Amino acid sequence: MSQSVESRTRIKNERYESGVIPYAKMGYWDADYQIKDTDVLAMFRMTPQKGVDPVECAAAIAGESSTATWTVVWTDLLTACDLYRAKAYRVDPVPGAADQYFAYIAYELDLFEEGSLANLTASIIGNVFGFKAVNALRLEDMRMPVAYLKTFQGPATGVIVERERLDKYGRPLLGATVKPKLGLSGKNYGRVVYEGLKGGLDFLKDDENINSQPFMRWKERFLFGMEGVNRAAAGTGEIKGHYFNITAGTMEDMYERAEFCKEIGTVICMIDLVIGYTAIQSMGIWARKNSMILHLHRAGNSTYSRQKTHGMNFRVICKWMRMAGVDHIHAGTVVGKLEGDPLMVKGFYDTLLEVKTEVNLVEGLFFAQDWASLAKCMPVASGGIHCGQMHQLINYLGDDVVLQFGGGTIGHPDGIQSGATANRVALECMVIARNEGRDYVNEGPDILRTAAKSCGPLQSALDLWKDITFNYASTDTADFVETATANR
């Protein structure tokens, strides 16, 4: 319903006096705002500076991430400014944190270019994090409308098609990162790839910082690595892969490396998060056109995702990367050496794998999300995991995951192939126990010990790593706890 003449006159008189007017009075706060299906929604954790009203702080975030500047500008009158202003519509105190608040903000869809993560992020995180009115600010979650998601390609391959190409079903996929990640020659690198795949892994991979250094140029690595893949595939009768990292200093170099991957016949290639949103989308489009599985290493994410009060929650990165077109993304292990609270990791995996997610505050999901027709993205678990944790990994992470045992393969006392075999046997015995209806979580250690009686490599691995864990407190944990009456 259109506003009355009196209402428009009042708004003009209130908002368009020269000078500085509080953001809330400028129209960036509306407690009665009715959310539209086409709105982009964002929820920020904000810590206002001392003396700053939380509502005004939320309005300032809405303003500075949409149309506002620090003073009244008359050119607002030349636009549909009331439509284009983002609306902060809700502010809640954070449980157990007296100085923190959750601010909910709605953005008109027309504020964003279709299919452009760069444009979306330029608004949502482009300027507000340096705003003096906030002592700290963190983007916790977003809701993308279906109309907006339809402008993005989504994963280049998706979980279902990836399994069809690999002909592997009913279990997690197994991988490992070549170690040491820097310093090997091409020939030795290819030997590691062969040993790991021959021993039973589905994938080997480059690490985030192996590109084209003086000790091993990229083409040398690709050729020797692919020789290892082909020999292992021929010897095992299984489809195998190696994630060749095509990350480079320019898009031209990345496309050259990607085309060479296609030429030599690999099923998968890899990029790093640090190449940027536009480059990631570009490679996602290339991968879809060229039937290539695209793995993303989340290199650099902890610089802004790990701290609880400032930066960005990793679940937002998961959403953006599913939109951008990657097929794999590292998303936590729960039991490994890297940051990963169980509830938070569950939220990340659901974000990547579910067709729809509902509000689940315990897992950190503040909005319901319909993923429209975007394919599923395969989570990857890596960092400090070993075969003795197999029952825990399957319990926490399920089947649609790549379990990557780098040190847990290449650090095996009997060699790389034995390390791979230990992981494959541990996985298969645990999946069989689960499928038979056994209590594999509690019986897991016994199941592994029984399997080890007929598998020397598994016995050696269990003897070496025993029950090694990395029991450090997570810095990013749930703000809400599940109670007996929750979700009723």
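Note that Cβ sites are derived from N, Cα and C of the backbone, with glycine treated the same way.
For LYS179 (active site, proton acceptor), the Cβ neighbour count at a 10 Å cut-off comes to 15, with all displayed protein chains included. Here Swiss-Prot flags LYS179 (among others) as active site, proton acceptor, drawing on sequence analysis.
Residues or ranges marked as active site, proton acceptor in Swiss-Prot: HIS297 (among others). Mapped onto three states, the DSSP output places HIS297 (active site, proton acceptor) in strand. Over all protein chains present, the Cβ of HIS297 (active site, proton acceptor) has 26 other Cβ atoms lying within 10 Å.
Cβ-based neighbour count (10 Å, all protein chains) for THR177 (substrate binding site) stands at 24. Swiss-Prot lists ASN127, THR177, LYS181, ARG298, HIS330, SER382 with the feature substrate binding site.
The local packing around ASP207 (Mg(2+) binding site), expressed as other Cβ atoms within 10 Å of its Cβ over all shown chains, amounts to 19. Residues or ranges marked as Mg(2+) binding site in Swiss-Prot: LYS205, ASP207, GLU208.
Positions annotated as N6-carboxylysine by Swiss-Prot: LYS205. LYS205 (Mg(2+) binding site) falls within a strand segment according to DSSP. Here the Cβ of LYS205 (Mg(2+) binding site) has 30 other Cβ atoms within 10 Å, regardless of which shown protein chain they belong to.
Per Swiss-Prot, the feature site 'Transition state stabilizer' maps to LYS337.
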From ASN127, THR177, LYS181, HIS330, the binding-site residues whose CA lies within 10 Å of that of ASP207 (Mg(2+) binding site): THR177, LYS181
For Mg(2+), residues beyond LYS205, ASP207, GLU208 with C-beta within 8 angstroms of the site's Cβ centre include exactly THR177, VAL178, LYS181, ASP206, ASN209, ILE210, TYR243, ASN245, MET270, HIS297
Whole-number Å distance between the CA of ARG298 (substrate binding site) and the CA of GLU208 (Mg(2+) binding site)? 8
Do any of ASN127, LYS181, HIS297 (recorded positions) have a CA within 10 A of GLU208 (Mg(2+) binding site), and if so which? LYS181, HIS297
Give me the Cα-Cα distance between HIS297 (active site, proton acceptor) and THR177 (substrate binding site), rounded to a whole Å. 11
Give me the count of other Cβ atoms within 10 A of the Cβ belonging to LYS181 (substrate binding site). 14
